[in-house]
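Features of the protein shown, as given by TrEMBL:
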- B:59-80: transmembrane segment (TRANSMEM)
- B:92-115: transmembrane segment (TRANSMEM)
- B:121-139: transmembrane segment (TRANSMEM)
- B:146-169: transmembrane segment (TRANSMEM)
- B:196-215: transmembrane segment (TRANSMEM)
- B:236-267: transmembrane segment (TRANSMEM)
- B:353-375: transmembrane segment (TRANSMEM)
- B:426-444: transmembrane segment (TRANSMEM)
- B:481-499: transmembrane segment (TRANSMEM)
- B:519-540: transmembrane segment (TRANSMEM)
- B:569-592: transmembrane segment (TRANSMEM)
- B:639-657: transmembrane segment (TRANSMEM)
Amino acid sequence: MPTVPLFLHTVCRWIRRFTLLWITLLPTSGVLANDDAIAAIDWTLAETLVALDAPPAGVAQVDAYHAWVGEPELPDDVVDLGLRTQPNLERLSELDPSRILISPMFAGLTPKLSRIAEVETLDFYNGERELWDQLVALTHRLGDMVDQEAEADALIERTETRLERQRQTLSSTDDRPLLMIQLMDERHARVFGDHSLLQAVTDRLELENAWQGTTNAWGFSLVGLEDLMGIEARLVVIKPLPVGVKARLADSGLWQQLPSVKRDDVIWLDPVWTFGALPSAQRFADLLTEALEDADRA
Amino acid sequence: MLDIPYRLTPPRLCLIFSLFALGLAGLALQHASPLSTGLEALFAPDAGNATQLVLHYGWWPRLTIALLAGAGLGLAGVLMQQVLRNPLAAPTTLGVASGANLGLMVATLMAPWLFDFGREWVALAGGGLAMGLVFLLSWRRGLAPMVVVLAGLVVNLYAGALGMALLLFHQETLKGLLIWGAGSLSQSGWDGVGFLWPRLVVGAVLAAIMLRPLAILDLDDANARSLGVSLKSVRLAGLGLGVFLTACVVSVVGVIGFIGLAAPAIVRLSGARRLSQRLVWAPLLGALLLASTDLLLQRFSGALPTLIPTGATTAALGAPLLLWLIPRLGLHGGNPVSGQHAIMRRHPAPERLAMVLSGVLVLAAIMALMTGQGADGWQWLGPSQWSTLEWRLPRLLAAAGSGIMLAVAGTLIQRLTANPMASPEVLGISGGTAIALIGAMYFLPGASHLTMIGIGTLGALAVLGLLVLLNHRSGFLPERLLLTGVAVTALFDALRAIVLAGGDPRGQQVIAWLSGSTYYVDLTTAVIVAAGALLAALAARPFARWLDILPLGTPTARGLGIHIGQARLLLLGLVALLTACATLVVGPLSFVGLLAPHMARLMGFARGRSQLMGAALVGAVLMTIADWLGRQLLYPEELPAGLVASLVGGAYFMWGLRRL
């Protein structure tokens, strides 16, 4: 509808004026303006804020966050803002945060959200720069934003030292390349490669990723199991497994013939948020190191 | 009939496709290893050779399952088109696929232990339940084709809407099912083949046994009855078999689009008139079509970082094929439709009914504006909280406005085509808009609202252009128009399935928008939509006379002095405009456009003019209540209005069907 009749403009203007009148004349109710409250629509931003000891006041889909991101946990008093794709505007305006943080994926929400508070779009996973550098830059930026610069430096420092220590302990173990996958069903898997959080971690641990194929901007490629067949590597399967898949894998001829399954050296890792930032990276590194060491001892 | 010098008879067609498939298969084997080793891998693979293992456990079962699934769907398609006497009928028409899909989703989320019995059985149970519901709804009318198709359509929409809602909240958990929903033929062993082939053999034998009674359905109801055949039991058996076959295929490989519609249609077009011929050639052609597509796909999609599911691709490739076929279809506007008009009762005073509906609309609007949940639970807005209206008013206006637009568009298109399956969505205009907007979401991230509106309008116009281009020669014959729409909608469905199956996190945004939400509307847009809707409702009124006459058929209308081509073009343009506007606001799931005109008729708005008015009011009420309910039911999470509308409207619709 490119051309708008003039009278419609007038109608709109009047309705808006009345709305503005109500807003200015009548005392705003409920919660007082929260000067330092931050609402995070994106989970990756939320987990970083928690790690910076400046947890957001509101996060979208809190239950699902705990199911899929897990750690670091959100504080109990965090306000659930509803869906990530469509955060509840009435709830957000009640919360009255000073800033709303989103990732470019949700950029379509900016016009709506910016009427409640200043919207900051933080870019990561754009596939242009080395992912680790992007995540470090993201952590610095968030640290600046919530006046936790020192905490941000410490988080980066802590993560990098720890990964360095893990690299040294792992250098003595088996150096077979790894094939990191997440099963979608018994025939399909996401395999993680370039631009993925998982590879960013294995790069720092100086472990080799066996997947050399192309990946999308989030660092994975959706493949059928047959595409994994010819790759000589140790499988790392990130849980959770979809329901029923464990049983069906036992009957799957192709799965049983995968080199790693035949050798019975598949590593099953507890759930990790594969699109996360430094906290998720640390969690993945811990789980992987522990599993590799266990396997090595056995 | 195909009007080409060398007539393509069904055997010739099948020969061409089998040569094509054989060539592709040979190339693929050659590529992997010497041809002899490739054949050897079929029976005795070398356990130490990765290539042979992939061939044995992946490639060969995949080829086999493609042939089996294609044949099953082709057979099911013939059965359903025969029983329902509708060239648009496909194995998925009766809600089997969406029922199976919903069954799998619900089981995954709520009763994962069910998967211990095997996924096939969960899918079969879901598909069976959906089909049972369809039969239940149409039982009292003796399973009359029109009623079955309608019931199937609404059960489809209902299951689809519920599935969308689950997906919106549990995308992470259900991501694997998205691949299934897009129909991936990828195999990892022979168990799928082992499940499917005995069932297909049973189905084929049963179809052969039922050949004679089924052939009688070519006659109209009265003639068939005079031959002493129980139409109800023949239809039940025919449909039951078709559904069983579909459910078996769907439960193993997922939703495969288009084969079940295309194979029987192509076979019929190329000259297989008799049912026995079609029963032989359609499964064969279906098998070859699916296998060729799959082989082509395997050859060309290797380098992509995502998987292109075959089921969705057949739909995408089938769409242009159908578009090419449409001008060549020997359709004529006079096939016997069971008395849809006779069963509708007429309200003595539609004006009074309209007044009541308007009252309901006002009440609904007040409720939507003033009540709702906040941080402290339910509340009625006091004067101090009126600032909240800033969020509620645009949504109310947009919901009601788009409801009116879709209802008017739906009424026009159903009257225009005399086909109760018609809706703005079926015409493909929503689909065109949606294709353009999905493209914009992916290729122009963060584009402004205005850009999106422009792109969406372009999409709608492109489809409208296509509709006009393909149909102006035939004078906008309703059946052709609908088929064009079906093709575009299939293309859109395919695109959506491919996009979602890839698992790109941006898919969430697509799902949210596709479910039809008023969330993104700002006040200016909302006022424009509401005003535009009122203008459109008024603009449609002068056409009321056409709407009463056009459903009576071409000769009658011409006899009454109506310039048919012009009238259809004009109404079509109005429908396109209304649909495009509404789609841009609330997404393409315009179930309201289908339901509102029907609900208006069920209430007794029988004449064209009163149906327009009634449908507009019903549409507005439906969308207003749906938007409010959507915001409250799962607070603070929001269900899109389009989704709730289809759930509320669908329930009412089923109740009305049962009462017929």
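The backbone N, Cα and C atoms fix where each Cβ goes, and this holds for glycine too.
Using the rule of three or more Cβ pairs under 8 Å, pairs at least 6 apart in sequence, the transmembrane segment (B:639-657) is in contact with the transmembrane segment (B:146-169). Taking Cβ pairs closer than 8 Å, the transmembrane segment (B:92-115) reaches residues 80, 84, 86, 122-131, 133-134, 148-149, 152-153, 155-156, 158-160, 162-163, 166-167, 170, 173-174, 177, 180-181, 239, 242-243, 246-247, 250-251, 255, 257, 260 in its own chain, all 6 or more past its ends. Through the fold, the transmembrane segment (B:59-80) approaches residues 25, 28, 32, 41-42, 89-91, 93-94, 185-190, 192-193, 196-197, 200, 203-204, 207, 214, 238-239, 241-243, 245-246, 248-249, 252-253, 256, 259-261, 263-264, 267, 275, 278-279, 282-291, 294-295, 298, 310 of its own chain, all at least 6 residues removed from its boundaries and within a Cβ separation under 8 Å. The list of residues near the transmembrane segment (B:146-169) in space but at least 6 beyond its ends in sequence, with Cβ under 8 angstroms from a Cβ of it, reads 83-84, 86, 89, 92-95, 98-99, 101-102, 105-106, 109, 130, 133-134, 137-138, 178, 235, 239, 337-338, 340, 420-421, 511-512, 514-515, 589, 591, 594-595, 634, 637, 639-640, 643, 646-647, 650-651, 653-654, 657, 660.
Residues 10, 13, 65, 68-70, 72-84, 87-92, 94, 96-97, 100-101, 119-124, 127-128, 131, 135, 143, 148, 179-185, 192, 195-196, 199-200, 203, 206-207, 210, 213-214, 217, 277-278, 281-283, 285-286, 289-290, 309-312, 314-315, 318-319, 321-322, 325, 486, 490, 493-494, 497 of the same chain lie 6+ residues outside the transmembrane segment (B:236-267) yet bring a C-beta within less than 8 angstroms of a C-beta in it. Cβ atoms under 8 Å from those of the transmembrane segment (B:519-540) belong to residues 390, 393-398, 400-405, 408, 411-412, 449, 512-513, 574, 577-578, 581-582, 585, 612-613, 616, 620, 638, 640 of the same chain, restricted to positions at least 6 beyond its ends.
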